[in-house]
Structure formats: structure tokens, C-alpha cells
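Scroll down for the structure; my scribbles are underneath it.
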Amino acid sequence: SFVGIVLVAINPYEQLPIYGEDIINAYSGQNMGDMDPHIFAVAEEAYKQMARDERNQSIIVSGESGAGKTVSAKYAMRYFATVSGSASEANVEEKVLASNPIMESIGNAKTTRNDNSSRFGKYIEIGFDKRYRIIGANMRTYLLEKSRVVFQAEEERNYHIFYQLCASAALPEFKTLRLGMTFTFVVLCD
């Protein structure tokens, strides 16, 4: 549903047939509000305003853990790639999100609501040329929950990377990291 210029979407936790190229083509060139509420309507509005006003645009994707923020951003990037004619040259959403598995290992943790909840934010910047075709993208990540390193609520886990390192402790390439069962305590005194 639209609430003004805000799209309210609910994650159905299953793949729906509403994100294909035929749906992208249906939303391309349409005014927001002329079609059903959709992430493609928001993306089209931003794309049109960028071209018309020749100014940078922002789409803020927000929601709770498991709401589908990463997937929504991926659909918006696919929309831009398709309508700009850049889709055949480079699968932009795949390239931008290619670092995601690494980021998930370092920045995701188990919470009571989601076994693979991201504890970081993403800022994705997509560059367009004068013909409004995608020429590049950059993704910056921000660790939002640093306290998780030293404390987790009951039934939650630390960042996945700590468990992955411990599970790999016996591998020869990890010997220099000294991931065994020895503990070192450092006491700082004034």
C-alpha cells in the first residue's frame, strides 16, 4: 500500500511472480499512483525525477529483521538496470550484492526473530551516465550493533564469523590464529 510517497510492503516469505521483466515494463514510464503499489513504482519515480531534474535521488528501504530490505533493494537495482538499458551489459544487482555472503558472515547473527539477521546497514550508490545508463555502483556497510561482540541476549548468538572461525580451528591454515581452547585475560589497571 502507498501512504503518500511511502511504500509499505510486507514480506510474504515466498517467491511471488510480481518481479519479472514484464512487470518492470508495465511500471516503466508510469506515474506513481497510476499502478498498484510496488517497489517498481518507487524506483520509476526516482528514476524519472533523476532524469527530469538532473539531481541525485534517494530511496530509503527500512524495516524490521527479516522484512526483505535486501531483496527490495535488489529489485530496485534490477529495475534501474532494465529501464536504463544496462541489464544486458551487467547484472548490476548481482555485482553490487556479490559481497553479501562475506558481509553476512561478518555482520549477521542469530536473533530471536531471524537466524540470519543483518546487524549492519548498507548504503548503495548507483552511478548513471548522461544517458541515464548505469555506469557503476558502490556499496558501503556500517556495523550497527557493536555491543553484540561482548553480549548477546538469551537465545541469540554472536556474529556468524566467530562460530565459523571456531569450527575451522583445526584447519592448518588457521593454526596461526590460535583458535584453540586456551583463553587469555588482559587486566588493565590504573
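The backbone N, Cα and C atoms fix where each Cβ goes, and this holds for glycine too.
These features come from TrEMBL:
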- Gly63, Glu64, Ser65, Gly66, Ala67, Gly68, Lys69, Thr70: ATP binding site (BINDING)
- 1-190: domain 'Myosin motor' (DOMAIN)
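Highest local Cβ density among the binding-site residues Gly63, Gly66, Gly68 belongs to Gly68, counted as other Cβ atoms within 10 Å over all protein chains shown.
For the ATP site, the Cβ centre of Gly63, Glu64, Ser65, Gly66, Ala67, Gly68, Lys69, Thr70 serves as reference, and the other residues of the chain with Cβ at most 8 Å from it are Asn11. Neighbours of Glu64 (ATP binding site), defined as other CB atoms within 10 A of its CB across all chains, total 11. Per-residue confidence over the domain 'Myosin motor' (1-190) averages out at a pLDDT of 83. Taking the Cβ of Lys69 (ATP binding site) as centre and 10 Å as the limit, one finds 19 other Cβ atoms among all the protein chains shown.
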